[in-house]
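For reference, TrEMBL has these:
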TRANSMEM  12-32  transmembrane segment
TRANSMEM  68-89  transmembrane segment
TRANSMEM  95-115  transmembrane segment
TRANSMEM  122-145  transmembrane segment
TRANSMEM  151-174  transmembrane segment
TRANSMEM  200-218  transmembrane segment
TRANSMEM  243-268  transmembrane segment
TRANSMEM  280-300  transmembrane segment
TRANSMEM  312-332  transmembrane segment
Amino acid sequence: MLPGGVSVSNKRLVTLCTVLTAILFGTTAWSVSVGSMNLPVLEVAATLLGGGDETDRRLIFSLRLPRILVAAMVGAGLAVAGAIMQGIFRNPLAAPDIIGINGGASAAAAAFLLFMSGQYSIHLLPVAAFAGAAGAAALIYALAWKNGASPFRLILIGIGISSAASALTTFLLISGDSYRAVQIVSWLTGTVYGKSLEHVYALIPWVAVLIPLAWGMSRHLDVLALGDATATGVGSDVQRTRLVLLMIGVALAGACVGIAGGIAFIGLMAPHMARRLAGIRHRAIIPVSALLGAILLVLADLAGRTLFAPQSLPAGIFTAGFGAPFFFYLLLKRSHKTSG
């Protein structure tokens, strides 16, 4: 069973989610109001409610709000995908970017953007990324799962798959149109820059369906945490349950990577933070992870837009900057536990 606190009551969970939702709304309002042209928060609120002048409406609805909504949905999706994978692999180091799933999604999405984006709707981009993520997941499942995937075995195989996917992506960039390739290089670092309402509409179905579905299967994640033998003993079809949950996590990660690129470590950090706040029950971990992931990525995008203005940096740079030390901390902590 993964380490964490104690399970929380329904009342505490509701309170926690309410507080995090308020923080998310506050962070969103702050992010909408700040940029190359600052807007008072009250003016932003008035514009969102139908007021404001034409300049404010265009700035908010065409430029800032879509990218912030995409950031929130991508952060939530990656966080829930990470919570699922840590649960089904019973491995605190599992996350879609670390074990190679994001790499597969990135390669497939890059191929779509280079060779097919002019022929097909942007709404098919998450589908292409999901196909790449599913291929990577199949390799992981085949190579890493041997009576449970040990943390180091999973990480090593993930590094191998990520490296292979990165090599494939580089080959595609060299082979494709140079102008599109330059755009895709920035996208690969993980960014919500330039996202429009079309990207919002493309991502909404994936997040709106799959996150509630994952939450509905949270009890199955709790059962899997007991170990395969115990889970089978209480009547769970372990292989089928694990496969269904893996596909939910892969679909979430693939869709999010397809829209926003390779944003790293949200899927690792948010579930760990959620367990600290909400305990070990996945009915609490999943919604809290989603809210934390959304907050983290909205803040990362805000930092990228404002800290080095007028230059704008991809949000993925900031998530990697905070996430990499966190990953090494977990790795060292796990290593000490194993050696001890």
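Sequential numbering from 1, following the chain as shown.
Just so you know, glycine gets a Cβ as well, placed from its N, Cα and C.
Within its own chain, the transmembrane segment (95-115) is flanked in space by residues 78, 81-82, 85-86, 124-125, 128-137, 139-140, 144, 154-155, 157-162, 164-166, 168-169, 172-173, 175-177, 180-181, 183-184, 187-188, 249-250, 253-254, 257-258, 261-265, 267-268, 271, 327, which lie at least six positions past its ends and keep a Cβ under 8 Å from the stretch. Highest Cβ contact count with the transmembrane segment (122-145) among the listed stretches 68-89, 200-218, 243-268, 280-300, 312-332 falls to 243-268 (criterion: pairs under 8 Å). Each of 68-89, 151-174, 243-268, 280-300, 312-332 was scored by its Cβ pairs under 8 Å to the transmembrane segment (200-218), and the highest score goes to 243-268. Here the listed stretches are 151-174, 243-268, 280-300, 312-332, and the one with the most C-beta pairs under 8 angstroms to the transmembrane segment (68-89) is 243-268.
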